[in-house]
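**Q** Could you have a look at this structure, given as structure tokens, before my questions?
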Amino acid sequence: MSFDIAKYPTLALVDSTQELRLLPKESLPKLCDELRRYLLDSVSRSSGHFASGLGTVELTVALHYVYNTPFDQLIWDVGHQAYPHKILTGRRDKIGTIRQKGGLHPFPWRGESEYDVLSVGHSSTSISAGIGIAVAAEKEGKDRRTVCVIGDGAITAGMAFEAMNHAGDIRPDMLVILNDNEMSISENVGALNNHLAQLLSGKLYSSLREGGKKVFSGVPPIKELLKRTEEHIKGMVVPGTLFEELGFNYIGPVDGHDVMGLISTLKNMRDLKGPQFLHIMTKKGRGYEPAEKDPITFHAVPKFDPSSGCLPKSSGGLPGYSKIFGDWLCETAAKDSKLMAITPAMREGSGMVEFSRKFPDRYFDVAIAEQHAVTFAAGLAIGGYKPVVAIYSTFLQRAYDQVIHDVAIQKLPVMFAIDRAGIVGADGQTHQGAFDLSYLRCIPDMVIMTPSDENECRQMLFTGYHYNDGPTAVRYPRGNAQGVALTPLEKLPIGKGLVKRHGEKLAILNFGTLMPEAAKVAEALNATLVDMRFVKPLDDTLILEMAAQHDALVTLEENAIMGGAGSGVNEVLMAHRKPVPVLNIGLPDFFIPQGTQEEARAELGLDAAGIEAKIKAWQA
């Protein structure tokens, strides 16, 4: 997409933040309007995260106008809201390539721009990193400002509060901005509150506040009186007691869509010492009515026609694996009142919308709190219930100690429904589900299942749910199922694989939903094909049979080769002194960048042609 200078005359003047800071302040509202329209035009053509960026246009302009970026360091949490930031920092003409193979990264990425201070993708990391960056700048004697922008969802995570608690203790010079888009701007976020924010962030108030603390620090009754008086004055309009108690100077809430007001407040706060906290209120989807009305649907969008205000409907094809899981969940809950479902803020993505409506008293969205989600599930299991934790592979990493310490060691019957396992696609390195088999396989008493299709997925969910001797995990990919017939639910024998095709000389041991590709290769090479089903416990007997009956084995999985299912097969063969050649095929030892799932699999040699080529090259 070429940039239309006539359509965006003010934005055309801004190819860097240095150029932005040369603009007269009175032109900034027009810049914000053009930036918002350009974002709509670009994302509707290319797909991507959408509603969050619409809500941070004024904040982004104000931050880069007031702070000397990239010398001053600006950190975005998660990064969904950072598209305007990318546009203003030299990547305007490439924004249409975002999330595409070889294009702009979907999130702030250190290797892409000096303006991207922290590579992100997972939530709630910004304040911790910001403290470290601020401390480093202070120790180096650099007069560098540090600003972290975090959303109202991300700030609920324990890591964010751990960081704020630490900041209150060591008191680095830094600013945390809470982008609160949970509700539309209410009346109290108006002229009075904006005036108060500028007053409280001004040098006079700050000097009086800090000077008063020094003068009266040794006089406890007066110190306490001053503190209570200050809290009383601010408490009339400022809901910031929690952040003040953590050691921050709280300012807000202020209108996050008033670019002139934001600039005034940020200029006042820029030179304040110690940890500062600015609370701004924004509207997700701001400026595009369909996104304002339905910010969840418009959070991340495919290509669409902005004039219609409608996203393209599903073609009505095969259901996704998340839908398969959600249907199984509802079906099981209707029969068993002990089922409890838990998600860390991924209701829509995990296919749990219908369940949350039908069984609200058994649905628990714990917010962005993966560690809590797992230990909460452990508590439910101790209480005699049957918890199912629906979680993305990449996010389960954040609760690894809880899986071991709070679930596995106690052999609690918690089932993990691991969505987005394997290659995820457009969200890139931070979201690929590349490691779950490796990091779960080494945990004692964990049962791990890898379905090859949607029917097997249902059977494994059923099997895991009724397994009472410890935790279980069923991992399934992002994307549509294969269209196989669904059969009545029944328990699978634990740790047993299934031979799908008998061949000669070569046996392919497949783990998971690469089965259709494996079947094509097995047919082409006249190889035996095995659906291994279980990564733990492995079917040792079947593995040894395949080794005895074939000249060579190939393992296939959409997980890191290192420590994955194939490594488990190698261990079985070595333990039994079977010197059969084995080729492990899976995800390589590097972080897989963005692109479609099909592009990634083709590039990594995980489509049928690539798998066959790998095997032939190995046999040559």
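Cβ atoms are placed via backbone N, Cα and C, with glycine included.
The feature thiamine diphosphate binding site is assigned by Swiss-Prot to His80, Gly121, His122, Ser123, Gly153, Ala154, Asn181, Tyr288, Glu370. Among the features that Swiss-Prot reports, Mg(2+) binding site is placed at Asp152, Asn181.
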**Q** Per 10 Å Cβ neighbour count, which of the binding-site residues His80, His122 ranks highest?
**A** His80
**Q** List nothing but the largest Cα to Cα distance in Å, as a whole number, among the residues His80, Gly121, His122, Ser123, Gly153, Ala154, Asn181, Tyr288, Glu370 that the record says bind thiamine diphosphate.
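**A** Across His80, Gly121, His122, Ser123, Gly153, Ala154, Asn181, Tyr288, Glu370, the two farthest Cα atoms sit 32 Å apart.
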**Q** Cβ distance under 8 Å to Glu370 (thiamine diphosphate binding site), same chain, sequence separation 6 or more: which residues?
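**A** The list for Glu370 (thiamine diphosphate binding site) reads Pro344, Ile391, Phe395, Leu396, Arg398, Ala399, Gln402, given in order along the sequence.
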**Q** If you measure from the C-alpha of Asp152 (Mg(2+) binding site), which of the binding-site residues His80, His122, Asn181 fall inside 10 Å?
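**A** Those close enough are Asn181.
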**Q** Most Cβ neighbours within 10 Å: which of the binding-site residues Asp152, Gly153, Asn181 is it?
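**A** The residue with the densest Cβ neighbourhood is Asn181.
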**Q** According to DSSP, which of helix, strand or coil covers Gly153 (thiamine diphosphate binding site)?
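**A** Once the DSSP labels are grouped into three classes, Gly153 (thiamine diphosphate binding site) ends up as coil.
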**Q** Which of the three DSSP states, helix, strand or coil, fits His80 (thiamine diphosphate binding site)?
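**A** Its secondary structure by DSSP: coil.
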